[in-house]
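Annotated features in TrEMBL:
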- 1-88: domain 'S1 motif' (DOMAIN)
- 104-175: domain 'S1 motif' (DOMAIN)
- 198-263: domain 'S1 motif' (DOMAIN)
- 282-353: domain 'S1 motif' (DOMAIN)
- 370-439: domain 'S1 motif' (DOMAIN)
- 459-528: domain 'S1 motif' (DOMAIN)
- 554-627: domain 'S1 motif' (DOMAIN)
- 649-718: domain 'S1 motif' (DOMAIN)
Amino acid sequence: MLLLGCIKEVSDYELAISLPNGLSGFVPVTQISDAYNKMLSKEVAQGEILEGLYSLSDMYSPGTLVRCIVTSVEKSADGRRSIKLSIDPKKVNKGLNAPALASGMLLSGFVSSVEDHGYLVDIGVSGTHAFLPRQKAQSYIRAAKIGPDLKIGQNLNCAIVEVKNQGRIVQLSVDRSEVASSIATEQQNWTLSNLLPGLVVKARVQKVAPFGIKLSFLSSFTGVVDFMHMDPEKSTNYSPDQVVKACILAVHPTSKVVRLTLRPAFLHPGKSPNQLSYGRMGAVVEESTVKNFYKQFGAVFELDDGALAFARLKHLSKTRKSFKPGAFKAGSKHKCRIIDYSLMDEMCIVSLKHRIIEARFLHYQDIHTGDVVQGKVFALKPIGMQVKVTDGIKGLVPSIHLADVILKQPEKKYCIGDEVKCRVLECNPEGKRLILTLKKSLVQSKLPVLSTYEDARPGLITHGFVVCAREFGCIVKFYNDVKGLVPKNELSSEPIPCPDKVFQEGQVVKVMVLKCEPQQERLLLSFRLSSTSAPEDKNKCSPKKKEEVKYQIGEMFDVKVLKKKIDGLEVSILEDEGNVAAFIPTVHLSDSVAACKLLWHCLQEGDVLPRVMYLSDKRGHVILSRKSAVICAVQGEQVVRSFSEMQPGMLLTGYVRNVMPFGVFVEFPFGVTGLAPKVSMSDKFVTDTKDHFVVGQTVIAKVTSIDEEKQRVLLNLKVSECSSGDSAAESFALLNQYFTEMKEIRNFLRSRENPSVARSLCELVPGKELQLVVQDVKEDGSALFSDNCLTGLTVTATHYHLGDKNVVPGEKIKALVLHVDALTSKVYVSLREELLKQRAKQVRVKFLGSCVF
């Protein structure tokens, strides 16, 4: 069967192809072309890299349309069907012969040789020599940005320019304008035996049915357009005898059924189908609207952004028995999750199954290094254990990682089908490579995950595993293949003459980072945790000795700024005659993350800050906080002073200490910490934890469970679970505190910044209406504005916030202030009519939560 497909992914050994109707197939590297196969065989025989042999990723890119033929349909071990394809022109164009070739024909070919004046192209027709002149390829090469020359094995969409000697010699063109304007005609004498997918034809509508349209084309041919391939903007306006432009999608060799598409992206050869933005993959759509239901196929939905999506019957309910067709009437709304995107159908593939909507992982991109995952053992091999995390995600546990010790007979410990808890050592979504560990010490470790050399800081303590022990010391590896050296003198406080007899390969160890050189990818480590102190602590000492500093958590002081540092302010406590130095981290200047940055920017040496709370004393260094919510919690005794006071159901005020891929660590006054797992972080589905929380952010957490043996606390940060009951009063108090801090910042700005700029910044508030002059309209659709009263400020509106207005430079316009960024002196405005009307009705509250002022 011949099909038109679109390259979805490119790996070293195969091309993943998107096929019509949500199907997928794979083209092995051996099914590209004869010329490419010969070069591969030559490289294997020589045992060295062959000059001129390029990888698949050098020649192919996602979004490219290709003609392919089904070579086999195989059933995998897990019951899934795998479609094997070939794009070899000898197979795709096997229905063509030399006499049948005619000028204007559009067909596939592959570069087989690079010559002085052009390229020999293999079009798969026996007895025909096809030549592509260099001048006919130059515009294509420049547009494709593939280097100075076409590459052997590269796929080309060619138009026949000239035919000589009854088809034995043909001249080709890959010029995009010539290819895009190519339309198959009756004069080219196409037959059912050589009709090719990808051809664009003029067709006439014969019949319009609920599931599609029947067309006639090229005089004697008929074909079908199914409901997924009608033009979405014209799907209800087709009528018999109407003439349309269509593209052939598939040709079945035995039934002779021809399928076509009316979607605009396929009606101009050489154009690529629309793609889904990366951020939408895996997204949960709370309300999707049923547009059409087809009882034999599935349902078409309209998502919240207006895009169309398709759900197969098996994805509309948990089981066949629980499926209720009446629930999918046009206009009904359902919750679904985007699980895939069909490039050939330009449509999202969604599922309404609850287990898929709630699933933590759907694709390799959802998994991050350091994540703890559950899986099932489905194969035991000499190299290790294969684990099935989900239907589409599989990982490998190398034999060295099957346990804390090396297992000689792993089959005695593990059986096929066993549930196992693993930790991700390495994840490469592009190559679909997932490496896991079952070492209990790593899986249960609460220490930071070291996955890049940039993450390593002197003093960091973490877990790793030994990969080599020699007379010079030990090589320790961490996540993502990060590794470092523990020299012999850092192995222990006592001399170890033979490290290889003390440390074994695969042994889990706790190490401290002594030195890191990220650019050289070098780490110097130590096993001597107690005797080594972090270099940063040497210079951070108070004028008074640690034992002389006797403050209680919750005490309030007035402080004076001594010095500004990147991560905070060094201050002196005035109540102690200024003799005690302390530190206010930037994130502790306010409960508001935005206000923290502004306060740090505005404050200068010598400024006095009133009512700052003593928070902790870390290694003799006094840490203070200005977080109003934390101060209120301590003064109101709504805190726990030790782990033993923790009780499930408690609501506690704290601040984010660390954001990890698997969850958020929250610290409370008096040093107690807890973990909010990814599933308990938000009422919305969490794909990336860093999109929801930042270090230092003030939070209210609910205690869900306590493990006294492991001294571990689990938390819930969902807003729906963490309200004390009077949510309106809580919100008002936070908002009131925010405005108080904004007033303080305005006072600082008036005294510090350029007077005219400061005055403009202080006067501008979200919801204020301005009269502006259009200064410039950029290529991305955004616009810049000017005003005599806003000197020194950059005023801009995004393309979305221009609404339906086509503004031109010099035009006077009415706009509404959305957001004021004092750090960059930028003002964001909107011209949208609905917002301007809301301003007239005094509805401005929705903007105030996200603005800087």
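The backbone N, Cα and C atoms fix where each Cβ goes, glycine too.
Small disclaimer: the values here were computed from a predicted structure and weren't measured.
Here the listed stretches are 1-88, 104-175, 198-263, 459-528, 554-627, and the one with the most C-beta pairs under 8 angstroms to the domain 'S1 motif' (282-353) is 1-88. Between the domain 'S1 motif' (649-718) and the stretches 104-175, 198-263, 370-439, 554-627, it is 554-627 that has the most C-beta pairs under 8 angstroms. Listed stretches 1-88, 104-175, 370-439, 459-528 were compared with the domain 'S1 motif' (198-263); the greatest number of C-beta pairs under 8 angstroms is found for 1-88.
Between the domain 'S1 motif' (1-88) and the stretches 104-175, 370-439, 459-528, it is 104-175 that has the most C-beta pairs under 8 angstroms. With helix defined as DSSP H, G or I and strand as E or B, the domain 'S1 motif' (198-263) counts 3 helix, 35 strand, 28 coil. Mean pLDDT for the domain 'S1 motif' (282-353) in this predicted model: 88.
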